[in-house]
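Chemist: Quick one: structure below, then a few questions.
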Amino acid sequence: MNLKNRHFLKLLDFTPEEITTYLDLAAELKDAKKAGREIQRMKGKNIALIFEKTSTRTRCAFEVAARDQGADATYLEPSASQIGHKESIKDTARVLGRMYDAIEYRGFAQETVEELAKYAGVPVFNGLTNEFHPTQMLADALTMREHSGKPLNQTAFAYVGDARYNMGNSLLILGAKLGMDVRIGAPQSLWPSEGIIAAAHAAAKETGAKITLTENAHEAVKGVGFIHTDVWVSMGEPKEVWQERIDLLKDYRVTPELMAASGNPQVKFMHCLPAFHNRETKVGEWIYETFGLNGVEVTEEVFESPAGIVFDQAENRMHTIKAVMVAALGD
């Protein structure tokens with residue numbers, strides 16, 4: 001499967017076979033790194049990393065993956081990039097495309113990364129937008145494949161919580177594209193948009209995926225192998241929305257009881273991180289003092305239990321991002 005010079009903007013752009021090719025390559029690269037026999041296939045390549053939103057995992061994954069493969073990466077932090085402020089997206093794309101072999105973008109509007117791809121003349125990779133998080137999806141799929149013990153098209157997973165944004169959208173599309181049994185458990189007001197749901201159903205017709213959207217969290221998790229969640233308040237939202245979001249989502253918190261409701265003693269917990277699972281951060285302590293919650297979207301008991309595979313998931317960000325870059329740029 002030839003993925004040379006391909007943009008990586010959203011999973012909707014790819015066939016199930018192409019997504020599986022990325023996963024297979026990521027698994028190969030992971031094995032090679034751990035065995036100390038990694039072959040550098042991106043020597044002499046230069047990659048620009050544009051971050052309009054800050055990040056730990058995405059930045060580190062791109063930088064380490066590039067370095068492992070012999071490439072150099074330039075990090076453009078939020079305060080350093082002029083994109084859309086003093087210089088148009090179109091002009092930024094054309095400038096960076098002359099200097100770099102690929103561009104990663106992490107920011108707000110999906111339209112921005114699509115416009116970069118239109119004008120850059122080099123592969124563009126989506127590190128996260130408000131609408132989609134495709135590199136996270138490869139990491140999640142690889143992690144589920146490693147822990148499932150059966151093919152992904154025989155695997156069921158649920159996402160519970162606020163499903164309107166990049167994680168809910170992307171997991172729904174991922175499951176549909178890979179023929180999985182995917183469930184969304186959320187208040188209807190926090191479901192993905194009608195357009196995303198329609199796209200998922202269209203993909204499911206091709207792959208045999210099963211799609212369920214329900215307001216009942218226990219129904220969503222029944223029989224699944226994996227339960228995913230994400231933070232209830234996104235980057236940049238005001239503190240005032242916390243009370244409203246907690247009131248809406250308190251029944252979707254991942255607790256030992258919700259894990260048990262899966263009926264699967266081997267069920268695993270997944271989270272793209274960072275997670276509010278205790279009081280050990282300033283935000284976590286503020287939430288406890290303000291709302292009396294020790295842990296928000298997931299309890300400490302679940303997060304730190306053997307069911308939690310979030311750090312396998314985080315590690316796989318690097319291996320799957322490396323696969324995206326090697327597929328596009330590798331010799």
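Cβ coordinates come from backbone N, Cα and C, glycine included.
Summarising the annotation, Swiss-Prot assigns carbamoyl phosphate binding site to SER55, THR56, ARG57, THR58, GLN82, ARG106, HIS133, PRO134, THR135, GLN136, CYS272, LEU273, ARG317. Look at Swiss-Prot and you will find ASN166, ASP230, SER234, MET235 tagged as L-ornithine binding site.
Mind mapping these onto the model and telling me what they sit next to?
Modeler: There are 21 other Cβ atoms within 10 Å of the Cβ belonging to ARG57 (carbamoyl phosphate binding site).
SER234 (L-ornithine binding site): 16 other CB atoms within 10 A of its CB, across all protein chains. Under the three-state DSSP scheme, SER234 (L-ornithine binding site) falls in the coil class.
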Chemist: Out of the binding-site residues listed (SER55, THR135, CYS272), which are within 10 Å of ASN166 (L-ornithine binding site), Cα to Cα?
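Modeler: Checking Cα-Cα distances against ASN166 (L-ornithine binding site), none of the binding-site residues falls within 10 Å.
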Chemist: How big is the gap, in Å, between the Cα of SER234 (L-ornithine binding site) and that of SER55 (carbamoyl phosphate binding site), rounded to a whole number?
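Modeler: Checking the Cα atoms of SER234 (L-ornithine binding site) and SER55 (carbamoyl phosphate binding site) gives a distance of 13 Å.
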Chemist: Sequence gap of 6 or more, C-beta under 8 Å: which same-chain residues meet both conditions with respect to CYS272 (carbamoyl phosphate binding site)?
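Modeler: Within the chain, CYS272 (carbamoyl phosphate binding site) has Cβ neighbours under 8 Å at ARG57, HIS133, GLN136, ASP140, MET167, ASP230, GLN313.
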